[in-house]
Amino acid sequence: MSLSNKLTLDKLDVKGKRVVMRVDFNVPMKNNQITNNQRIKAAVPSIKFCLDNGAKSVVLMSHLGRPDGVPMPDKYSLEPVAVELKSLLGKDVLFLKDCVGPEVEKACANPAAGSVILLENLRFHVEEEGKGKDASGNKVKAEPAKIEAFRASLSKLGDVYVNDAFGTAHRAHSSMVGVNLPQKAGGFLMKKELNYFAKALESPERPFLAILGGAKVADKIQLINNMLDKVNEMIIGGGMAFTFLKVLNNMEIGTSLFDEEGAKIVKDLMSKAEKNGVKITLPVDFVTADKFDENAKTGQATVASGIPAGWMGLDCGPESSKKYAEAVTRAKQIVWNGPVGVFEWEAFAQGTKALMDEVVKATSRGCITIIGGGDTATCCAKWNTEDKVSHVSTGGGASLELLEGKVLPGVDALSNI
């Protein structure tokens, strides 16, 4: 989708206005303590811009976890986020115990100039997602009239709307698409994400390499299919490589992942690659394990030797890493989505680590390197490479859907310019 024609915060006049801003404060928590504040830090530039440019108030709304429309303040309250945000901004943050209704509307109607207000978890109301569960765990759907009322209440909390929650941009939830204000702008985090992906997908530097890992082919079919129209080269690694190798080389894969559904379209994908002149690199050797366990016995295998019965491939081997490194060396732009081994376990992390080192090297020579969120972003955090690549996406699902060529509802809902 073209992202260049949407209103962004830098073009929005906020002076004297109440800004209602959707952010992504869905942070990991342990015993009500925030374990990683990256998402809160990522929203600070947009909040500060509004305050520095004379906004009357900034009202922040977010979800946290999956309470499914049931208020669970003990488990999923955003109150700890207000404390963290106060220390990051160096100013008071007023926390409200709900996100809609007369009391919230009153608190946000005429606040002191320069106020920052954080609302309670949007997903304590089933009207945010449109569906959820009741207190006994039965599935429930929100009533259309109540969804309308929920959206109308959110719309009363500001004069202008800013969406900086890229991580939720693929969800057509009330706070993402249902706030009815004349001006709806993308915040700076949203803008950074969309700019990177727009550049990557609409006018890429070439040669353009996609590195696609992860487990199931079926989950990545749309991704592979869409990227085959855009890239010059593609590495297909991780668990899904075994489905390709079994179909194409009749390789013995032991008990490695095999995706019956995905297997049916491997040949179609390969013929599309050939038609488009895309060079595909698959792994040629593997680190194997006698069971899916961190402390499993390990072995080696190649495509030619096959993987023995009862064993499975959990990482690529050194020859594969060499081939991957050659592809990285040729590239001027790289998009990476999905690890190439079970990186969480030391014995099977080497392939992904070696590839990360190559991608970092490529970045330092001027290659544009984009890490699609999720597991690959976790790899960056694990090996401390977040500032050694061009861009690490904050949205796993959202970045995946952009790379699949889908329209993101949260972006679509912003004002056109």
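Including glycine, each Cβ sits where the backbone N, Cα and C put it.
The ADP site recorded in Swiss-Prot includes GLY214, PHE343, and the single candidate from GLY237, GLY238, GLY366 that the record places there is GLY238. Among the candidates ASP52, ASP68, ASP74, ASP375, the one that Swiss-Prot lists alongside ALA215, ALA218, ASP219 as binding Mg(2+) is ASP375. In sequence order, VAL247, LEU248 make up the list of same-chain residues 6 or more apart from LYS267 (N6-acetyllysine) whose Cβ falls under 8 Å from its Cβ. Binding-site extent for AMP: residues ALA215, LYS216, LYS220, GLY239, GLY313, GLU344, maximum pairwise Cα distance 21 Å (rounded to the nearest whole number). In this structure, of the recorded positions LYS191, LYS216, LYS291, the smallest number of CB atoms within 10 A of the CB marks LYS291. Ranked by Cα separation from LYS191 (N6-succinyllysine), the binding-site residues ALA218, LYS220, GLY239, GLU344 are led by LYS220. Rounded to a whole number, the distance between the Cα atoms of GLY239 (ATP binding site) and ALA218 (Mg(2+) binding site) is 12 Å. Other Cβ atoms within 10 Å of the Cβ of LYS48 (N6-acetyllysine), summed over all protein chains shown, number 16. Of all the recorded positions given, namely LYS91, LYS291, GLU344, LYS361, none has its Cα within 10 Å of the Cα of LYS216 (AMP binding site).
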